[in-house]
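Summarising the annotation, TrEMBL assigns domain 'Kinesin motor' to 1-240. Here TrEMBL flags Gly36, Gln37, Thr38, Gly39, Thr40, Gly41, Lys42, Thr43 as ATP binding site.
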Amino acid sequence: MVCFEIEPFAESVFVEVEPILRSAMDGHNVCVFAYGQTGTGKTFTMDGSNEQPGIIPRALEELFRQSSVDNSSSFTFSMSMLEVYMGNLRDLLAPRLCNKAYEPMSKCNLNIQTDPKGFIEVEGLSEVPISDYAKARWWYNKGKRFRSTSWTNVNEASSRSHCLTRINIFRHGDGLEARREVSRLWMVDLGGSERLLKTGAKGLTMDEGRAINLSLSALADVIAALKRKRCHVPYRQVFC
Ligand SMILES: Nc1ncnc2c1ncn2[C@@H]1O[C@H](COP(=O)(O)OP(=O)(O)OP(=O)(O)O)[C@@H](O)[C@H]1O
Ligand SMILES: [Mg+2]
């Protein structure tokens, strides 16, 4: 695990992410996440701006660049986006009646299932094929528009959920023995830990802040259990 403690998004951050992308293209499941207090630049680091694209748009561009220069295999990609909001899973790419953030979603409160091979699946989560970078950016921009944000004293567009962007990488080898391999790249912009006295959050925004704090502490328990190689890892505690 590589941690960037204080640095906002910079070229040096993406330099650290590039080998992780290579690893995903080589067939490994990998995850990059931004973690920290509210207002410290997590969303800026992952998403960026038009002038300074963040890790996610740059990673999308890099995946297509790497796939175009790799002569040993051919690649196809698909994308899913979801948020963990107040303990529920919401599909950010689910079809809506219109493109308004307040339009009710057709898929919220999705379930997590474990398949017979032990892989984790989010039941019914939308998965869209992305044939090139422009398509990938279109879907990514669409998904992030529906993410929950609110004004607080610390951040005028504070993320009120954890946002997960998943890229499925399908690798097709050439030759008769060729097999299709699937790997996953997860890019996660977590909600920020917050002190309610500092954010001045009230009502729903306060409840959202509490849910974020609670789930971040559950995430810390998961990471501690993985690090200590415990036989029980409390994954589902995050959604309680
Ligand atoms: N490197 C940067 N350059 C310019 N502006 C930045 C930078 N990092 C963060 N900001 C600005 O600071 C503000 C807070 O950043 P951001 O929303 O990314 O914080 P956050 O950690 O995601 O907070 P929260 O946990 O509340 O979602 C935003 O207005 C963002 O545009
Ligand atoms: Mg944020």
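For all residues, glycine too, the Cβ spot is worked out from N, Cα and C.
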Binding-site residues near ligand 2 among Gln37, Gly39, Thr40, Gly41, Lys42, Thr43 (Cβ under 6 Å): Lys42, Thr43
Count of other CB atoms lying within 10 Å of the CB belonging to Gly41 (ATP binding site): 18
Sparsest-packed of the listed binding-site residues (Gln37, Thr38, Thr40, Thr43) - C-beta count within 10 angstroms: Gln37
Residues close to ATP site centre defined by Gly36, Gln37, Thr38, Gly39, Thr40, Gly41, Lys42, Thr43, Cβ within 8 Å: Ala34, Asn155, Gly192
Per-residue Cβ crowding (10 Å cut-off), top of binding-site residues Gly36, Gly39, Lys42: Lys42
